[in-house]
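> One structure, pasted below without further comment.
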Amino acid sequence: MMPFPVTTQGPPQPAPPPNRYGVSSPISLAVPKETDCLLTQRLIETLRPFGVFEEEEELQRRILVLEKLNNLVKEWIREISESKSLPQSVIENVGGKIFTFGSYRLGVHTKGADIDALCVAPSHVDRSDFFTSFYAKLKLQEEVKDLRAVEEAFVPVIKLCFDGIEIDILFARLALQTIPEDLDLRDDSLLKNLDIRCIRSLNGCRVTDEILHLVPNIDNFRLTLRAIKLWAKCHNIYSNILGFLGGVSWAMLVARTCQLYPNAVASTLVRKFFLVFSEWEWPNPVLLKEPEERNLNLPVWDPRVNPSDRYHLMPIITPAYPQQNSTYNVSISTRMVMIEEFKQGLAITHEILLSKAEWSKLFEAPSFFQKYKHYIVLLASASTEKQHLEWVGLVESKIRILVGSLEKNEFITLAHVNPQSFPAPKENPDMEEFRTMWVIGLGLKKPDNSEILSIDLTYDIQSFTDTVYRQAVNSKMFEMGMKITAMHLRRKELHQLLPHHVLQDKKAHSTEGRRLTDLNDSSFDLSAGCENSMSVPSSTSTMKTGPLISSSQGRNSPALAVMTASVANIQATEFSLQQVNTNESSGVALNESIPHAVSQPAISPSPKAMVARVVSSTCLISHPDLQETQQQTYLIL
């Protein structure tokens, strides 16, 4: 197996028609028509300005860097073998190899993207060797910059910049004396007698390779995935850590679409993607292949056996053993947001099919800051850049807990977090302080039998800050100066914290510079409008708070996810308002319908009532490390 992807785009070739792809029969085996190929070419031209295609020169540079890294690994393993007095016959054939996974291995990486890599070594090479002698060897290379090891991570990794290309290297030691060049990591027998960290490290490569193995046409899959990933980023639903979907989950959804329409080209597959998943009957899982039991006693996703798996709202199951749900972070709110986006994507691609819109419309950014009347702004700050980097990572990883807590409030219909983070204006221009903000849009409802409604968010916010500070202290990461602040702002007050170009209704949207980390206008007045904002400083270990329920557990009783993939009602539903002529578009089976876009959004709109005021009472908190105040906050409708 080659570690480097082939990214050349050749003419699409129809796949040979087997009885079924994946876990069900295809919906349609129709081959593309001239209009479909023309729409695909227009899609490619629309994608180019977004930087989703890498130039050949840059691709060759990546290949050269990986070859150098691969040679370093082989050289290092030979040195380790000699130091451990292995026979010369073994040393000469000991091998060792760098494998790639993620977007680069899938062949859908963008300009300037990093590379996920895996160093595979034989049994006599220890993980400690990887983080000592191999780390030292990398440090001697002139091309290597920003070298750092994260040995205690859930998946231990060495991070570096090699000749200007960011690379994350994982490590796995196999129960083999030598590592052959033609090693296939999809072989389940390789998992025998491995520790859990090696299994986790292997998982990325195994899943990526399995996905490529299970799609009917790799070129069509890649182009479709490029389009869907760009769409997801433009629409702010690309973030596994915040409860949306990450790269591997989007890849599996696209792969399932390719299985259902094995001969379709990218323009058709993009449209079918929205059709399939706007109608998917969640929590039925998305599966690319039937789960297999290997009797290796590894935990696998199975709601029949594991009660916690029954609470997963949008399960997308990895195809490699041990099968896992890649979307366990999805909450009620994030699923609602994504389903609405699927439906809107279906409506737009339907317009494109009828020549009523261009592909560029699909990649227009939604108006997040115009969508809701009420917002919660989370602000994380630290005294130094290094502290800020660690602090922001921890806070961001816990935001989904706050979303899950807010969802349980009977008067909150939706807690929509924007995955983009924004630099916050400085509170004191004379002090060096590093600040980052996240914004959560709130959908609220007002009972009919009440004219005034008080929504107390104190417990939700305080529980969230408790969780963050507790983990920071327990992991010995906490430093004085690390703070979390939460503020409630109405839509018309967002300009106090966010620059105009972020708030304006932008149509054209580029993925370059999306995190906006270069913005920090110190002229913004953080204290403006403080009457209508709430500040919730750090919590302490002395505060007695109940445990938060995971964001994957909703307000309602969980529905048991069955171990079968459904094609929803795609084949059963009939045309309702508008009907597509099957002679005008290939890949549309005669018994298949494209549902008309709903006229009302899937997410409940914000209520008419505005927040009138915020009532606060303050009490002191005593803590050996911190002296802070706690505010109780109510939204008065």
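Cβ from N, Cα, C; glycine included.
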> For the Mg(2+) 2 site that Swiss-Prot gives with ASP114, ASP116, which of ASP129, ASP146, ASP163, ASP168 also belongs there?
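Candidate listed by Swiss-Prot for the same site: ASP168.
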> Given that Swiss-Prot annotates PHE101, GLY102, SER103, THR110, ASP114, ILE115, ASP116, ASP168, LYS229, GLY247, VAL248 as ATP-binding, name the residue from TYR238, TYR261 that shares the site.
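Of the residues offered, the record points to TYR238.
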> Have a look at 1-23, 507-529 and point to the one annotated region 'Disordered' in Swiss-Prot.
1-23
> What recorded positions in the list SER103, ASP114, ASP116, LYS159, LYS229, ASN329 lie within 10 angstroms of ASP168 (Mg(2+) 2 binding site), counting C-alpha atoms?
ASP114, ASP116, LYS159
> Can you count the other CB atoms that lie within 10 A of the CB of ARG400 (site 'Interaction with RNA')?
25
> Looking at the recorded sites listed here (PHE154, LYS159, ASN329, ARG400), whose Cα lies nearest to that of ASP116 (ATP binding site)?
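Result for ASP116 (ATP binding site): the nearest of the recorded sites is LYS159.
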> Using the centroid of the Cβ atoms of ASP114, ASP116, ASP168 as reference, list every other same-chain residue with Cβ within 8 Å of it (recorded Mg(2+) 2 site), in sequence order.
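These residues sit around the Mg(2+) 2 site: GLY102, TYR104, ILE115, ALA117, LYS159, GLU166, ILE167, ILE169.
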> Which one is it: of the recorded sites PHE154, LYS159, ASN329, ARG400, whose Cα lies the shortest distance from the Cα of ASP114 (ATP binding site)?
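The smallest Cα gap between ASP114 (ATP binding site) and any of the recorded sites is with LYS159.
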> Which one of these recorded positions, LYS159, LYS229, has the sparsest Cβ neighbourhood, judged by other Cβ atoms within 10 angstroms?
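Taking LYS159, LYS229 as the recorded positions, the minimal 10 Å Cβ count falls on LYS159.
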> I'd like to confirm something. Which of the recorded sites, PHE154, LYS159, ASN329, ARG400, has a Cα closest to the Cα of PHE101 (ATP binding site)?
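Out of the listed candidates, the nearest Cα belongs to LYS159.
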> Cα within 10 Å of ARG400 (site 'Interaction with RNA'): which of the recorded positions LYS159, LYS229, ASN329 qualify?
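Final answer, ordered: ASN329.
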